[in-house]
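The block underneath contains the structure these notes are about, expressed in structure tokens.
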């Protein structure tokens, strides 16, 4: 008996069966990539996709972003029919576009329209990173330009939420032309005395960061957003120097005078309301 008490017992672990795994619907839980906390996805969405534990700002779709900023029942989408093609006959590009259209329900990587923020009218454009990583091709540039022109014609403040991997490589020079196209439209808005508020979210990189996203009368960003043109590794290899750990973060850019403010998502609507009230 004593021998049995002190003998080493084998330990066993129960491995859930495939059937047991399937009982938990996919997407019901979300793990925070910052603090590793596991939470109900619906609770995360209720908090505007901001982690209650560490404050990490999770990715939002364009529709979710609009719902969080624009007053209920006031958003009117514009230019929804504009969508890109495959002008350079890039292999597999059309299939990828169609796949993203089915996945997101969008024709392109930006949603544009008009709405109100606590009663103040705005023209708004929101990029959706779930569609080709919100890269800017001809259609995205066209929709943004039309939104800018609408703000110019109606003398209504323009609000753009940027989130992009940069220019869309499958469209070559046509995608790069959108940098100049959107910037020229913003210059016309500026000459007309219009107000442009730019909010950069994670990530805002490449040709988008080097064009319209950085040309606001006010340039804001969400906390910890990655903002920059070239990648960190490319820059380090070019200048042969090690970059600071927080390089290309919203906080780094704010410290070096390239942003006006870093605004937590839960404070975004209130902050924008105060700003719009100042410019009435």
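Placement of Cβ uses the backbone N, Cα and C atoms for every residue, glycine included.
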Correct range for zinc finger (source Swiss-Prot, candidates 9-31, 32-54): 32-54
Helix, strand or coil at residue 32 (Zn(2+) binding site) [DSSP, three-state]: coil
Around the Cβ of residue 32 (Zn(2+) binding site), the count of other Cβ atoms that are within 10 Å: 18
Binding-site residues compared (35, 51, 54) - highest count of Cβ atoms within 10 Å: 51
